[in-house]
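Taking it in order: structure first as structure tokens, then the write-up.
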Amino acid sequence: MPSNLYTLDNSTVHSEMARKSDVPSPYYGEPRKFDPTFRGPISNRSCTDVFCCVIFIIVILGYIALGTVAWLHGDPRKVIYPTDSYGQFCGQKGTPNAKKSILFYFNILKCANPAVLINLQCPTTQMCVSKCPDRFATYTDMQLQYQITAAPWEYYRQFCKPGFNNPTKPVAQVLRDEDCPSMIVPSRPFLQRCFPDFITLNGTLTVAKRTHFKDALDKARSVTELRDAANGITGLVDAKEVGMKIVEDYAASWNWILIGLVIALVVSLIFILLLRFTAGFLLWFTIIAVILVIAYGIWHCYLEFSLLRQQPGADVTIVDIGFQTDVTVYLHLSQTWLIFLIALCTIEASILIILIFLRKRVRIAIALLREGSKAVSYIMSTLFYPITTFLLLAICISYFSVTSVFLASSGDAIYKVMAAEPNCMYANKTCDPETFNKTNVSKTCPGAQCTFAFYGGETPYHRYLFILQLSNLLIFLWLVNFIIALGQCTLAGAFASYYWARRKPQDIPTCPLFSSFSRAIRYHTGSLAFGALILALVQMARIILEYLDSKLKGANNVVARFLLCCLKCCFWCLERFIKFMNRNAYIMIAIYGKCFCTSARDSFCLLMRNVVRVAVLDRVTDFLLFLGKVLIAGSVGVIAFFFFTHKIPIVQEDVPTLHYYWVPLLTVIFGSYLIAHGFFSVYAMCVDTLFLCFLLDQEYNDGSATRPYHMTSTLRKMLLRRRTKRQKRE
């Protein structure tokens, strides 16, 4: 790269800086001298941050090796299929349990909570069965009925250990050896496990319409004990039913959801294109439309709140009714509309305050957005670059997920002693199921069993599995941030080539997006990886802090919680700052082709020399773009609301019958926002690049014949108008 592109001129720069900058003193670096040969992003470049590039390539190769090792040692069946007490998979094809895909617990009363069940740590025999029991029965009742007919035993034996065929064995011995369950209760599969079939009748929890039953020892049992043993299962079952209804709603409305997303795609594209010709009108229309929509929302919420406040029973709080799957229940509460009212009033007041005090900056931001729309219209291929980013992120996320599953499923089956008595000295000790009956554990601890616990091992690979999982997470964060950085640098190079072109669009290079992408990959992989690594380390620290916070939630150490909260806040601010710095550093890399640290320093000094303008315009442009995304998502959402609630007479007969109309509605709104965000993220990068180029152009040039501006006439008029007003004040 030529070293004399811009040379320092300390004798003339201070007065020029004091005249042009919002910050009168150039303590944050000095601008460089004008170079008449500069025509945009430099093509004569050299590789930057080579050492980091080499490290990045080595890490990628190591990541591939890590995935290979995980795939060799891991077995996803351990995650997909439940495992019985003998370490055999339930429902695995080619095994004796191929047709037995459900895990059955001999004595679910020994299980403390659902987490114990799901983690396969319940201290009772677990067997693979083809179906869950559908009736009440005890081993004692079965023996009495067996004297008359063998049918009860044929049904009961499918829940006993394989090979056990002695229905006349004394009950005490059967329960001691756990050959069969002492009782079976009506159950249904959930998470591939048999859980009691809880049903609420007239506010009373029942199982098969019964609240009490007896076990094999003729001991009275109640449904409450089952509920306590499987605490929270009723909520999970309700969640499953809701989930099934949601799936049915998606199956019935997926084509209309797709149409809604296509409409959002078309509207977003039209919005971007219209900004070129009617940026001022469209943006002011967006602002006014959002203000009016929020004002209507405030009026509607106040009206509903006033009506409900006069109705009896509407003053119940949201906390009192708890979680309800039917969201319309909350709409009958006055507190719900009061919350909506306060939130909308706060948003409306914030928007009005911003517009009143920053109206001049809003005009400059609109000028930048208008310029950005021209750049996007000349380089239309940039609108579709997010598809490339999405595909790369999808590959990265898929690789990370698969590697995580294989790492989690690495190891051999570990068996531990599950003791029936709490004071057993062998409890939770490792054991061998083949030799367990020959040891004295059963004599010392009556009823103890050697059951499967988890997967693990004692090899170095298994001992460092946790470290490998952390490495997997860190490299994943690094790759994700690198992909985002690559997209930002690519778009910045393309839009910078537009800004620095003397004649637009004649002087814009051919295929600017592809050229910028090639430069970023060929010369600046190391710099992008360096910035991505810094951000990944901060994000990793935040994840660790969140993990520690989850572990300390039940602790009473107030000081530790306070310090942890402060650290989380500091690292959140640090992450936001690094993202801001990286984004501008990538723009400088795209323009000048320097290393990451130099580009970050130059961009930081440039922004600090224009700190007031940056602080205001950056937030204002983000705010305007956010309003555009809200307008698009809200407009499509309103259409979807009227459609799915049968309020459009023309297509009323085509509307599918749904359990919850909010399922496709929220999907359309959220999907529309993501689509609009994809388009506007390109637009935001364009505006940030043009703004940085605008600041550079303003510092390096003065608009004279020897040092002409590269900015367009619109930005030049805005600059001259502000400079004239400043000179009049002086």
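Indices start at 1 and increase along the chain as displayed.
Heads up, the Cβ atoms here are built off N, Cα and C, so glycines get one too.
As recorded in TrEMBL:
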- 50-72: transmembrane segment (TRANSMEM)
- 254-274: transmembrane segment (TRANSMEM)
- 281-299: transmembrane segment (TRANSMEM)
- 337-358: transmembrane segment (TRANSMEM)
- 378-400: transmembrane segment (TRANSMEM)
- 475-500: transmembrane segment (TRANSMEM)
- 521-538: transmembrane segment (TRANSMEM)
- 558-578: transmembrane segment (TRANSMEM)
- 623-645: transmembrane segment (TRANSMEM)
- 665-696: transmembrane segment (TRANSMEM)
Check your understanding: Counting Cβ pairs under 8 Å to the transmembrane segment (521-538), which of 50-72, 378-400, 475-500, 558-578, 665-696 comes out on top?
Key -> 475-500
**Study point:** Long-range environment of the transmembrane segment (337-358) - Cβ separation under 8 angstroms, sequence gap at least 6
**Key:** 287, 290-291, 294-295, 297-298, 301-302, 304-305, 308, 331, 616, 620, 623
Practice item. Report yes or no: does the transmembrane segment (50-72) come within contact of the transmembrane segment (623-645), defined as 3 or more CB pairs under 8 Å with a sequence separation of 6 or more? Key: no
Exercise for review: Quick one: find which recorded stretch in 378-400, 475-500, 623-645, 665-696 has the most Cβ pairs under 8 Å with the transmembrane segment (281-299).
Suggested key: 623-645
Check your understanding: Any contact between the transmembrane segment (475-500) and the transmembrane segment (665-696), i.e. 3 or more CB pairs below 8 Å with pairs at least 6 residues apart?
Key -> yes
Point to revise | Outside the transmembrane segment (665-696), six or more residues from its ends: residues with CB under 8 Å to it | key: 31, 250, 257, 260-261, 263-265, 268-269, 271-272, 275, 368-369, 371-373, 375-376, 382-383, 385-386, 390, 488, 491-492, 495-496, 499-500, 583-584, 587-588, 590-591, 603, 606-607, 609-610, 613-614, 617-618, 621-622, 625, 628-630, 632-634, 636-637, 640-641, 644, 710-711, 715
